[in-house]
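A quick write-up on the structure given underneath.
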Amino acid sequence: MELSPLQPVNENMLMNKKKNEDGKKRLSIERIYQKKTQLEHILLRPDTYIGSVELVTQQMWVYDEDVGINYREVTFVPGLYKIFDEILVNAADNKQRDPKMSCIRVTIDPENNVISIWNNGKGIPVVEHKVEKIYVPALIFGQLLTSSNYDDDEKKVTGGRNGYGAKLCNIFSTKFTVETASREYKKMFKQTWMDNMGRAGDMELKPFSGEDYTCITFQPDLSKFKMQSLDKDIVALMVRRAYDIAGSTKDVKVFLNGNSLPVKGFRSYVDLYLKDKVDETGNSLKVIHEQVNPRWEVCLTMSERGFQQISFVNSIATSKGGRHVDYVADQIVSKLVDVVKKKNKGGVAVKAHQVKNHMWIFVNALIENPTFDSQTKENMTLQAKSFGSTCQLSEKFIKAAIGCGIVESILNWVKFKAQIQLNKKCSAVKHTKIKGIPKLDDANDAGSRNSTECTLILTEGDSAKTLAVSGLGVVGRDKYGVFPLRGKILNVREASHKQIMENAEINNIIKIVGLQYKKNYEDEDSLKTLRYGKIMIMTDQDQDGSHIKGLLINFIHHNWPSLLRHRFLEEFITPIVKVSKNKQEIAFYSLPEFEEWKSSTPNHKKWKVKYYKGLGTSTSKEAKEYFADMKRHRIQFKYSGPEDDAAISLAFSKKQVDDRKEWLTNFMEDRRQRKLLGLPEDYLYGQSTSYLTYNDFINKELILFSNSDNERSIPSMVDGLKPGQRKVLFTCFKRNDKREVKVAQLAGSVAEMSSYHHGEMSLMMTIINLAQNFVGSNNLNLLQPIGQFGTRLHGGKDSASPRYIFTMLSPLARLLFPPKDDHTLRFLYDDNQRVEPEWYIPIIPMVLINGAEGIGTGWSCKIPNFDVREVVNNIRRLLDGEEPLPMLPSYKNFKGTIEELASNQYVINGEVAILDSTTIEISELPIRTWTQTYKEQVLEPMLNGTEKTPSLITDYREYHTDTTVKFVIKMTEEKLAEAERVGLHKVFKLQSSLTCNSMVLFDHVGCLKKYDTVLDILRDFFELRLKYYGLRKEWLLGMLGAESSKLNNQARFILEKIDGKIVIENKPKKELIKVLIQRGYDSDPVKAWKEAQQKVPDEEENEESDTETSTSDSAAEAGPTFNYLLDMPLWYLTKEKKDELCKQRNEKEQELNTLKQKSPSDLWKEDLAVFIEELEVVEAKEKQDEQVGLPGKAGKAKGKKAQMCADVLPSPRGKRVIPQVTVEMKAEAEKKIRKKIKSENVEGTPAEDGAEPGSLRQRIEKKQKKEPGAKKQTTLPFKPVKKGRKKNPWSDSESDVSSNESNVDVPPRQKEQRSAAAKAKFTVDLDSDEDFSGLDEKDEDEDFLPLDATPPKAKIPPKNTKKALKTQGSSMSVVDLESDVKDSVPASPGVPAADFPAETEQSKPSKKTVGVKKTATKSQSSVSTAGTKKRAAPKGTKSDSALSARVSEKPAPAKAKNSRKRKPSSSDSSDSDFERAISKGATSKKAKGEEQDFPVDLEDTIAPRAKSDRARKPIKYLEESDDDDDLF
């Protein structure tokens, strides 16, 4: 059909045409729908059975003769590879059927296209199949759908599965020959198939009597694979498979073309892959190998090309892996992920698949009836539960895996990824304008071609920025930019990647300056890529300002060290002090320089002095002056060489903890030596200073911050206070309030009176901490808690707002810190204002009473509380020349027990009793286990259970108050019985450990010192306190003598005036004074005596004092002063006043004579007696307040309300469970002791007999001298100790923590003898006895030299002879509470009763632990007796009064931790009190330590903190903290 040119053509017309043309060629239905035999189907669609028959090119592991096994690109036909592999796997399978099989021979002849595989395993049965009527070899090799693997009930670990393998090889071969021999059937079978199994040859059967074997020989039909011959690539693959079989089939020797393959097993096979492979550092890869069990063998090494695996299932090469590989890899990955996360805290998040990418795993497995995703068997799909075996890798394998380089490789990858992320924060392009940075005042030329001339000023806060902006009015804004810092920047050297990424401050600085990570700024051209050519640091001139400078230097040095060589950093300094007179003004940039000027300027008092605490003190006018004189105020940092790099690393690197300790030690020793020699303090920023090396900055300025950190964090041995606490006490003493005052108001007063320069919130928290008296806080609170100051419910964190609570001095405070001692103290000055003393000198060591805790830089302090009366009794023993008794920690009102495990290691036990078979009662928790915390973290999980642990208890009820604890807990009988077997204290976490291996304190000369025992602290305090009682007596004798002389003169003057011997009316003053001198009157004796105490008038009195005393001073300078006589009122002439004056004179003389008769020891004993008497009164009042409203008390607390109150008391029917100190606990404690001794010996410190090296100076000179009998008190180490974990070397909470084992004992300082003739000088005020001035500068060293002490007595180690009474039962004993007391407490021999007044003895508790109920007063062993006697004396050897006296003198047993005093028991009180039976197992045992504070080795020869040099500003404090006072 023709188409018209105009006729449209459509698709239907074309189709019709085609149909007509093909009509004759239409296929029949039969030809379209065909049925093929299976043989025809296999040949027609081979990819279904053997994979592709087309050539493919891909990366494969092959074996080449010249290079061995290697991974390269090969071109091969997968189908051909598969048919070869089927026959090879069949040969290997025969090993599973016949363990005796030992050899496989593979022959590959590429030229003749012949492949042969022979094995000597058990032959195929040469017997006719009775069903199929054909011989078995012909059946399984020549007929499809035949196999021995069809019985799924039989668990096989062979590669054959579907019955196709060998037949497929036959089908795709032009010739296929089977030859097998069976010794069992005594026949040999041989048959050949040709033409793709289309034609079978004749079967040959021969008799046979040799060893079994099977041999398959075939010639692949290359035409089916579109190949001409067996090329190099396919042969290389086949050879590698021969090696695979050699490695994966145990105890089978494989020959290839007649040659034995050099593979001795799977481990040997793995080495073929790793030949010449090295890691990132050039070392050979480390292989971890484990034969887990007969079915699993695993090797692991590091991979640099992503996850790699070489695996075999029943000799099949699973090139794509499968579930068997995942099963093994997941075990390894889970362990490695944990390790990587620990080592990469805060870094880039690492996921499991990223860890897996660094692993190369080799697995050889035998799996029962494996399944695959295809006939090619490259991926094993069987689920792990069906493997028929398990592969649990050993801890040894995992540990080796962690150390084989994989973890390091992952961490390097993490760093690389982190660097990529950091680089995204940087801009490689220099911008003239940048956006998105608040508070930045950019220089106009920043980012331009003049950018190298621009300077970025980094200021400490917004106020400093304002000062800088004011100064820019002088130098202009084109070249100077300003950016304020929000405090201290991050220590990037130890910060995590996450911290750096999220730190806005650091990212802003990088963006402003135009810095790029990993860029080297070596040459000038690289500097031109920056937006600023310099950074100027402008901070306050205090220690915290120095720290900020150091952190910025560290930031640049860590990331771009080359910038430091270009003088990239500089600082802007401002004055600390300015003095002015008339129009003359002098600025000083360090306090030592100011002191030098004062000493060289005779009339310096006429100059006006102004102190600058920070940049905010300067005015805008002064800012302009500073910037106008840029040469004086700009100090460049100069790089002087590798010593600068070392110094910066020393200050900020976590790895140099020990070096930093030695650095601080040397600094303190050097400062002390300079002070002793009278040398001036070393300082920076003199008048000619224009540059500063980094080394000088670190060693002369930054070190002051580190030292001040310790001063603010570690208390003084003398008064147990930190500076902030001392400021509070100083203010309270000065105010002497008779009425309560709000905490918030007191904090303001403290800031004003003691020159406190920081936020008042931390002061308020300090005040609250000083007033707290709940269990676990203070044993003696110096302030009264009037209001809610916190309770044991929340550990004090439940205190009310400081605006709502009141406080005032405790009645005991001034008895502990007698005003008479104030005149002997050395008061400090701040901003020309006299503030708190260097330390107070209490009558007992308060650091033992209230304990101490703090973390500084390099060292930490932890000391528990001790019982007040035990400490007092030990002081009395020392005063009497006796040895003090060992003391156990003790906490006021704690009803549990504390036992010693080992030296300085204790276990603290709560109280638990059994009420019935399903109920227990917890009536006390370990110290500092707060009630609410215990409920939430212990009882709630026990009640509700967790995913891993089922619930243990069925219910609990709470009956506690703010001061007592009572949980009543319900359990099933079975679980209670099991808990009893394990130990109720252990199950319910009612035991905690306490370790005191870090008793580090500042001694009286301001040196850090480590004490080995609490008795060492007590002895040091005793020597110092006794000396100061001598000084007090000397001062009182002088003062009383002067006052007596004054009264005597006044009385004589009045009498002579009355008698008319002296006429003063209408006489000139000079003549009158002359008359008084002639008649023998003394110039004001009191004033003269005070002036005599000062060789030089106090140069540091504040201006108010100067003003007030100017008149009297001028009068004094003119000659004698008789104002004390001439200023007396006229009414002193009356008879009454005259008689009173004479009486006062006589009384004063009597007082003086009485004082002369007393020794310093007598004065001390008097103070102790008065203190104890008042303590009894205070405690009685506290007890009375606690008992208000309790049952059985008088008043309204009866009936229903009384019954409710009874619920809070422990149940009288409970059977107390005695806490057990297990063998494991003691063993652990002893282990720690041995480790400590071992580490000490390793460090070179002798451990025998307490003999130790000499002083610090001797150690420096390497003279290891022994000092027999010296007290063992360790000092700052010069040898490194083991390092501890620390995130930030400058952080209070994490500073330089070392492990317990690294304590190093260093000897005590050699004491310097004081001259006996040196007369003590006292701090006095010329106008009143109530205000005190500082000591004379020249006498300062003399007064605070080491004490002139007699040779120390041989140290008696505390003996652990306080035996626990034996109890029945294994790990937990339950005893009747009544009989516990009656039967278990022996009497102890009496001792003299001289320490306490007899009338107070009756009310003392006879046992240290408030245990369970007692019905009668029994004589009980004291802690002192238990500590020194091996056996108690027989009962009844002493009378009650003697026993009472004995108990008063000696410490009570370890169990009664500061229990409330009990009067002799009566029926009323015993019914209502908590059951008081004493724990049989709770006297002294040796204890296991709690988490480690820094082991610290401190030198007692360290110089005290000099209070001159740069003005100190303490670090910023946390607003809410239990240990807020730790931060001062």
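Any Cβ shown, glycine's included, is placed from N, Cα and C.
Here the structure is a predicted model, which means the values were calculated and not measured.
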Among Ser223, Ser248, Ser1373, Ser1448, residue with annotation phosphoserine (source: Swiss-Prot): Ser1373
Of the residues Ser1161, Ser1299, Ser1424, Ser1521, the one that Swiss-Prot lists under phosphoserine: Ser1521
From the candidates Ser319, Ser799, Ser1333, the one which Swiss-Prot records as phosphoserine: Ser1333
Length of the line joining the Cα atoms of Tyr804 (active site, O-(5'-phospho-DNA)-tyrosine intermediate) and Lys439 (SUMO2 cross-link), in Å: 38
Spatial neighbours, same chain, of Lys385 (SUMO2 cross-link) - Cβ under 8 Å, 6+ residues apart: none
Local backbone state of Tyr804 (active site, O-(5'-phospho-DNA)-tyrosine intermediate), from DSSP in three classes: coil
Alpha-carbon distance [Lys439 (SUMO2 cross-link); Lys638 (SUMO2 cross-link)] in Å: 29
Most crowded position, judged by CB atoms within 10 A, among Lys439, Lys528, Lys638 as recorded sites: Lys638
Cβ packing number for Tyr804 (active site, O-(5'-phospho-DNA)-tyrosine intermediate), 10 Å threshold: 12
Euclidean distance between Cα atoms of Lys439 (SUMO2 cross-link) and Lys528 (SUMO2 cross-link), Å: 25
